[in-house]
């Protein structure tokens, strides 16, 4: 008897310990971010999670996707001012340059839509009543209307009835033709009513996790245009004083900026960097060209180089003054870099350029850049074009003055997927081309 009593207490204690441990584990895991979206800091509602998965897919597959380069999301806004519950969508951010490829409506089964027959048969035990029960599918009608000036409810535009599975967590409806018509007719404010058979939904969902949303997959024809990323992501002029909003075009700057010398402007037109007057070095002093590496330098030039390291022989800078130790480190760092045209590392943080407030992901990316000389003879590794080869020969011969060396420029580039909020706080996913340098060449 005592043994059985002890075993009973022991089993009860084990049960309580396991129960407490299970609750502790559940409480801990509930605080963890969803898998795969912790790095982009999204909310846990279905729309945010859906866009997070699309971002991961587009980042993984890049330009190989057949779904275009743009995904726009539109969350429904509940509205009951027109008598019956409905949802409004503001599609005004959809651009004319974005060719709609596909559009889907996502909505949850509305609660309280069960008919009186369903409730009666659930309480009844008659087999005849159960035979009259509907199947696991449900007829749902979607009525779309235009909204004039975002206030007056317009005429009915689209009416579609479909059969959905009752046990589905979320329903998905293809509304590509509806969105295409709305874009073509510029009816970018639309409303939607959901009805079950002849009865409209009586439960009005205002919970963000239950609100319907629309995803539009489009191909933006203007995304490859010059300065396209600034047109979509730059919200203010970075050169504007005090960071205020600017009404100028993204590629213009205030008139109050410091004007450069005309000689600098002339040098920028011929692909040459402006001369640094306070620290002039000849090409032979900074670098040994590849075809002169085995040639012994004369003592005169060596003496000249040693003299350059003397602080007294360095001309004074009109802007900045550095001690000799700092200058030696800078020159040593410059000499350590590869002489030939090549890809150099550059990491861009969107916070540094003031875009982090609306860019969700990525927070930063490896952009790289191209730098280096394209002198004759050019190595095969820089993949020079025929024109660049001829230009380098003409430059080396020197028979035509003013001809610059070929430029070190990106040859192959990769795209970058960016998930951000537009000015209407809608989540947008775009795949911008030519965002990261993969290789460089002389052109």
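The backbone N, Cα and C atoms fix where each Cβ goes, and this holds for glycine too.
Residues annotated as signal peptide in Swiss-Prot: 1-22.
Residues annotated as N-linked glycosylation site in Swiss-Prot, with sequence analysis given as evidence: 90 (among others).
If you take every residue in the region 'Induces head formation' (99-202) and average the pLDDT, you get 69. According to Swiss-Prot, the region 'Induces head formation' annotation covers 99-202.
Taken from Swiss-Prot, the feature compositional bias 'Polar residues' applies to 242-254.
The compositional bias 'Basic and acidic residues' annotation in Swiss-Prot covers 256-270.
The compositional bias 'Basic residues' annotation in Swiss-Prot covers 297-306.
Around the Cβ of residue 434 (N-linked glycosylation site), 14 further Cβ atoms fall within 10 Å across all displayed protein chains. What Swiss-Prot lists as N-linked glycosylation site is 434 (among others), and the listing cites sequence analysis.
A 10 Å cutoff on Cβ-Cβ distances gives residue 90 (N-linked glycosylation site) a total of 17 other Cβ atoms nearby, all chains included.
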